[in-house]
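K.L.:
Could you have a look at this structure, given as structure tokens, before my questions?
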Amino acid sequence: MDNNNSNNKNNEESNNIVIPILSEKEKKHLYEFEIIRILKKDEFSTTCKAKKLSGQFNEKRVNFCIIKIIKKRVKKFDSKKNEIIIEIDPRKEREILEKIKHICVLEYYGYSEDEDNGYIYTEYIQGGIDIVETVTNKLLKEHSHSFQSEDIIRRCAFQLVLLLNHLHNNLHIIHGNINTDNVLIADQEFSLKLFDFSLSKDISYYSKDNNNNNNNNNNNNNNNNNNNNNNNNNNNNNNANNSNNNTLNNLSIVNNNSSSSSNDNSSEAEGGGGGGEASITSTISTILSGSSSSQLSTPSTSLESSFSLEINLNDSSCYLIAPEIRNQQKITSKGLSKKSDIWGLGCLLLLMVGGDPKITTNFEPTIPYHLSNNCKNFIQKCLIQDPYHRWDTNLLLTHKFIEKTSFENSCNNQNNSSTTTTTTINTYSIENEENILLINGSNGMNEFEEIPNYITTLKFQESFNMEIVNEMFTDSIVHLEFPQGFNKLDFNELPDFLSTLIYHGEFNIESNYHSKSLKPRDIPKSIIHLQLPNYNLKIRRNSIPDQTKFLILGSDLGENEIQSLINLPPSIIDLEFGCDLELILNFLTQEMIPSNITSLKINSQQIFLPFKRSNPFGLTNNIGNNNSNNGEQFNIPIDELPLSKDINDLMILETVEINNLNQLNSNKLLTLTNRVGKLIFSKEFDEPLTIGCIKSRSITSLKFNKGSRFNQLLVVGCLPVNLTSLEFGDRFNQALSVGCIPPKVTHLKFGRCFNQPLKLGVIPDSCTFIQFGSQFNQSLEPMVIPSSVKELIFGSQYNQPTIQGTFPDRIKKLVFSDDHDQFHSQDTLPKSLVHLEFGESQNFNQILFNQSSSNLIPSLTPPPPIYQKLTTFIFNGYFTVPLKVFDLPLSITHLELPQYNDILEKDCIPSFVKTLVLGSSFTIIESFINLPKSITSLSFGCDENVIGLINQSLIPPNCNTLKINGQSISLPITQTLQIFKNPILPTESSLILSQQQQQQQQQQQMDLSVEYENQNFLTTNTLNQGSWIISINNFSNRKDQFYSPIFSLIGSNWRCKFYSNGKDASTSGKLSIFISNCDLLNNPFTIFLEKSISYKLTLINQKNPNESIQKSSSHTFSIKEFNHGYGSFIGLFSLLNPNNGFLVNNTIKVRIDAAPTSPLVNTYDKYNIGLNQAFSYSVPMMSKKSEPFISPIFMSCGRKWIIKIYPMGQPSSNYMSVFLEYRDEGEENVHFSLELISQLYPEQSIKYWVQYRFNSKSNSFGYPKFIGVSTLMDPDMGFLVNDTIILNVSILQLKPIKKSFGFL
């Protein structure tokens, strides 16, 4: 016994047990209990583990319990040192605990009180030592600070969601403080117990229907409490021997039929309701401000009363609080909501998987990559910033991550929760249907004038077709839904406070209200949930807001539209669209999918991520007892499926590839199920197909591989009757009889060798798309191509004359390839055309859009509008005479004439053209003055004798994209353009390389002559002043360092450099802003320049400009000090708080005011400059490099050099480091530049010029923080393209000029 006692004592000492210290009054009230130890003590309450010496709880004998002693009055001092008495009503927590009966909540035993304190008694869990502990303690014991098994995470998530669903929907209780300190792990099976309801809120009392009943209950409760107080006072005056039942008399008897979840194990855990040594309210206590301003408002017995706790924003734990509460900088009873509990659940799960709930500039916590997509998606749904779109418990219970678990049955026995609602990926929750208003437009504007303030959702019915203006909407409207027939929506009239937009309108035509395709900033930046079910057009960059998380597009995306998905913002986590299955297998890649997406649906079917073309749909893990990781899908060969399995219950791979007919007849998937959507015949397949050989009726797509040998005659009935897509291989060249192509085929594609005559009726009337191979050259009689065809593409050898009726009247896209050179007029070209394309052999004089005029006789009057729908015209052929007015239809908006190099007469280009491509040898540059103002994109080519004539006055005023010789030109044009000389490959004499290095080297060198010619560009001495405003969009997704666009001010070029989380460790958590002189960075002769200015940086408050932040300074900018600014401009939390007004629509604005303080200093005449070649180094597979590496040796200034790169930084791990290293003897004084090329936006390349004297001892110089790794890897920045970066090095040799002196 002595040994055991000593061991127990040692164990308790090792656990840092707090010695019980209670007041005499508390000890007197708790005379029936032996206080074993105090678990937690703060200024508001004391929680302790106790042993009951006698008596029972609710007629049930227990040995141990948890007692929470809550002070009714607490003394504090305000900022003026005035004493404040804070009153607390502990009965509010009691009233909540009395209502709860759930397996995942510590059982409530009772309540008592005296004049100073309230006492709450709850269950103490008994189990094995070191088993019962909080999630916080468990994480601290794990070396990886996370639970490795995702099954544990799933089990914990399921328990907590079931509990919250019960609390929110059945009991109408909000917990308000869900975190790792308040969740207890009760056993080795990870059964959870939630406790500490001190911040909880009972929202049932706010129900309009129950107000009267609640008031009565309140009065009764108050009377009972007063009686209890009187009893306590009387009993305290009696002797202890005569008061054995005093405590029991004051306990609220509830849950008489409940059974404790504790077991009968003899050993007890040093934990229980208090969560071991962890503080029950430790999370709240650490995030509350320690200043005297933190107060609780005086509670009362009224259930309408509220509390207020100020939040310490400097504590990292504040991120555990829901953002809608954290932004108010205080926790209030009114601020708590069901969705704030969901945020706490997401943070708890994130900590369990090793994540960090801290929010950086991307607005949301980062979720570890090792998790399954289902798990990541579940956590993402819990951690959505906007509470309107954060999933509630009903939606979470339908999530795939927890939809099936072994814990479900045991929980259902204890939880009579309400039925859950089945939902899909595109579901968003609106808490009350009373918040929805249906608008039919019958009363006109009167309907909008009468919208109540509690309405949050407007749904427009089919009869509504009024114009929408911004003034119609009140600030409470956050959800809008428009019907399919609505066609008068101007996106610019939508308010900025919307979070959900569902628009069923059409985008196939351009209207007076919106363009055919979405443009940047069409959709309000505040939109989080966006549904465009009829949008089947290209996605432009920045057309989808950066905060959008849920996106639904159209059901008929094409190849170009699929490839444009790469322009979607990385914020999207759920994406859904539809397209032909063939496009998924041939064009969709993982790189096109937003990086944070965890749920992808195509054609209403879930796509498994990361996306693999070989298995886009995969198999689920409910086949046998396979050990699939984390509930993810896996692939099993179809022929290996056991017949005993219920295959129809599986999600089967939609595509099956067949090598021979025996496999076709024996394949279990084809013979037992109707789940196959696409059948592919391999290259080796070349057997006749017989009637009924393909039994599955679910097949809608049949394809013979491109190199397939199949060349067998098709008989009627050999192909599946429900086929909608048919694609032949290259070898197929058999005559087709009527009926051999199934009647439902809509997509028909022939291979290279097919060149058979087609009879009337061979192609079914259902067909909408036909593409012929390169060898097809048969005449087509009228009606052979059915009227249903909308897209017709011919191969390169097709060159047959066309007559009226050859092409259907409803065709929209017609493409002729290279050999076609036939005459076309309005009699042969359908009037329905939207897209028309000709090959290189076509003569433009043979195409007459206007029958009344020709290219030889100019038309003086506009022709009748015959081709009103033609918007795209691509003509790769040649011209013999210049274009005349009305040669082209006036409806064209996209025009490509890559062989046109002649004069542009006035009005020869239609006035609606927005995109124009001209020839590669254009010489008559002055005729650009005749181009229409509508042009936004212009591309052409010219030689060096012409390019110098181009100036901004010749460019259309609305043009924002200009390409010359394939290179992007920055607009506006402010200086004479120059042609870069052709790249020069290094010779054997200029590089000292091994033979292997020479084979691998593909670097190119550039000529610096252009920079040499512009050396005097910076020598202006203009002493004016000016200002510039910079808008930084998508700020929350910016990481590390980034730059503003270049701007001109006081005779120089500048840009601002930002550090999103501080420049260094001392400024972490701050926004750093510096101004950089780009002339000093980009020009090789800036070593001789010094520019002194005074400047002021202003972070504009976009809601209240008077509260903008300004900081002023002065600086002399030189090659050694080309940056200057502030490392701690503003704290990130203040910046990101939307209530402060600095970040609006995810955009910040910075104003720069500058004035020179002295003229420009130039010391150019002190040096001789040796002009030399630059070295370009292309680095492939950059994302896979982690160790330092060097470039091949290159020669410059007669010396040997290399570039040394540290992909993960030297010494900083968040930046790529780049150094120039001297590999020769002697000493060399040089002026050199290091440049990282932006391959998408060359004008935004990063380039630094610097002077350094190299020798054998100091042989290396460069930049440890050349560029942030996250910025480098960001595909939108353009530095990393095809996993390749390009580094350029330019070196100038500097030699001082020796002046000679003479005597007279």
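The backbone N, Cα and C atoms fix where each Cβ goes, glycine too.
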K.L.:
With L39, K40, K41, D42, E43, F44, S45, T46, T47 listed by Swiss-Prot as binding ATP, identify the candidate in K68, K72, K75 belonging to that site.
P.N.:
K68
K.L.:
Report the member of S45, T47 (the binding-site residues) whose C-beta atom has the most other C-beta atoms within 10 angstroms.
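P.N.:
Result of the Cβ crowding comparison: T47.
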K.L.:
Quickly jot the same-chain residues contacting the repeat 'FNIP 4' (798-841) by Cβ under 8 Å, restricted to those at least six beyond its ends, or write none.
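P.N.:
That would be 772, 774, 776-783, 785-792, 847-851, 866-878, 899.
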K.L.:
The record lists L39, K40, K41, D42, E43, F44, S45, T46, T47, K68 as binding ATP. What's the largest Cα to Cα distance among them, in Å, rounded to a whole number?
P.N.:
14
K.L.:
Within 10 Å of its Cβ, which one of these binding-site residues (L39, K41, E43) has the largest number of other Cβ atoms?
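P.N.:
Max Cβ neighbours within 10 Å, all protein chains included: L39.
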K.L.:
On the three-state reduction of DSSP, what should I expect for E43 (ATP binding site)?
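P.N.:
Where E43 (ATP binding site) sits, the three-state DSSP reduction gives coil.
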K.L.:
From the DSSP assignment alone, can you count helix, strand and coil residues within the domain 'MATH 1' (1025-1154)?
P.N.:
25 helix, 67 strand, 38 coil
K.L.:
Which numbers of helix, strand and coil residues does DSSP report for the repeat 'FNIP 4' (798-841)?
P.N.:
0 helix, 9 strand, 35 coil
